[in-house]
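Below is one structure, written out as structure tokens; the observations come after it.
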């Protein structure tokens, strides 16, 4: 029997969702960007959300509330402004909130649409969250210029909270950025050389934190979970010697284990270490054994990246020996920031009682942390509560409707041949050229068109029963017809139906497949004001009937041009949903691949000659340790190929990827064997094409020629320059012209203006190059 401990287990979280339970921040941001509210109104929304979230943390019994996790766009961009590190094109003196939005979006409030280019955006490790990439040059200086962190600490202290600020560490900040001057790089510049200057700014930050009476700072160094180059790993010791102060540092890691750097970590001038035992449970024992006696160990036991209820009973059993070994040096926390979780499960009033008992959102995870800590402290009521809390998970393990025999039989029948097209690309390309009759530099879009308020209202009315199915179908067909008419007027070569019926490229499929659970308010931030609502994989996945065929077939009936069928690929559906935790990700991907394979067959049979299987998330699913990546890529590629391999040779399979760095996965991208790949490249000025050029990528490619994430409208000349840059790296006969990504978040006015310039640019170069060839 566990006796009550005399040492209290300290509790905290690494961060909290900032968007609000009703996406209040998103709507306020967008109103501000449209010029509908003043900045003071936006600031008031942020303050109200922070105070609510701190109150939730305090009410749950956490020993610290976390400050500094709030961001107006993303926390890396916030760090850039804190450090006074703003690209020169956006730097008009002292940085302010409009500066931040200009770096992230290219402009702040509505303007002429001719702002400076936004900074690059990429995925945050292997999550679906994004950050704005810091830009580094050899003469960069850093100085504390942006008071948000200090203001928010004071704000929380004023509310009476015990505050633990969070700050992105100096090595991770440098690692997450990029050198932007090719000439400097050629001369030997490496952003790591900026570390001494950067550390001076961090010293100033800690001086200010000390003056605010801060005892502990959570300093995030997630790159310690990576297999770092020696120069980077060796830099930690000096960096933390330089920035040590009278403020205690909790060195914070997440998303994977750090035992491979343990010998270096234990020599750092810090006061504690946070590890993610949800992502990497096997590291725990080695770290407990090696932990310096004076350090605290914060164990990230409650998964911040998924929605499943924590198995508190098993966690208590696993961590009890750790508590006995460490006593009051043990802290309990979320594995990572809870910004990757939806806000509050209590809003999900439409879920069944059984289903509700499987899940915990961010607000519920606060109580999981404190309940587990109480149990570890020997509180008998808490120990009993942990047992009872885990019971629904035990009952689910044996539920017959979770593991389905028919699905298991199809999985067992998978062979290597199931993943192969009938003929090689070189042969397929000839069949497709004859069948499709497309011009040089064919123009197309990535799939979605603007989701107008009418579309959203009609979908909502249908979902709530206010609009019957017949009227809903009529309304959606009207939007499809409008999209087709606009594309024909623009003279695009390959059309799409616009996806008016789809709320989200993943959620739509999840709602039409068995084995998923959708939510009403399960929103999580993706970037800036963009939020996504991932479905939850709860059981084996099956398709009862075709999902996309009727809409695509209707769109094709309206035009003599080729209409693309639009599917979301198995790896992306997996990556952008909350997966089951009782089977492997590979098995979920295979289940998805089989149902998408059936959809490809049905589209083909319905007369659709081009089918796009989007895989924008294939790179973000990579394990963050390189040594683990091959196994993932093997099954990810296999899943895509199973999806596509039912296509005949004359059926052209497209795929789309965005925000990806292709160098390290180019072999796997080629192994997908898609006939055409479209990629996001405009922000990076076609830099990403170098990987395809160096690899001699054999199939067709459509590098994005304008950035759909920015409201700026690209000129025809700008697009011509990008196409010419692309043509220097990809044979023009294999080149497509398209935007970077889908257009659902844009409005029709800017969409048509941009596409008009894109088509004109393609036609001008088509005429020029065909004349030269003649």
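Using N, Cα and C of the backbone, Cβ positions are placed for all residues, glycine too.
Per Swiss-Prot, the candidate among 485, 488, 615, 620 that belongs to the 5-methyltetrahydropteroyltri-L-glutamate site alongside 23, 24, 25, 26, 123, 530, 531, 576 is 620.
When Swiss-Prot records 446, 447, 448, 614 as binding L-methionine, the matching candidate from 397, 499, 664 it lists for that site is 499. Annotated Zn(2+) binding in Swiss-Prot involves 656, 658, 741 plus, out of the candidates 638, 680, 724, the residue 680. You'll find the Cα of residue 614 (L-methionine binding site) roughly 18 Å from the Cα of residue 709 (active site, proton donor). For the recorded site, residue 531 (5-methyltetrahydropteroyltri-L-glutamate binding site), the DSSP three-state label reads strand. Taking 23, 25, 446, 499 as the binding-site residues under consideration, the smallest Cα distance to residue 741 (Zn(2+) binding site) is found for 446.
Neighbour counts were taken as the number of other C-beta atoms within 10 angstroms of each residue's C-beta; across the binding-site residues 25, 446, 531, 658, 741, the minimum falls on 531.
For the pair formed by residue 446 (L-methionine binding site) and residue 656 (Zn(2+) binding site), distance between Cα atoms is given as 7 Å, rounded to the nearest Å. In this structure, the C-alpha atom of residue 680 (Zn(2+) binding site) lies 14 angstrom from that of residue 447 (L-methionine binding site). DSSP assigns residue 620 (5-methyltetrahydropteroyltri-L-glutamate binding site) to coil in the three-state reduction, placing it in neither a helix nor a strand.
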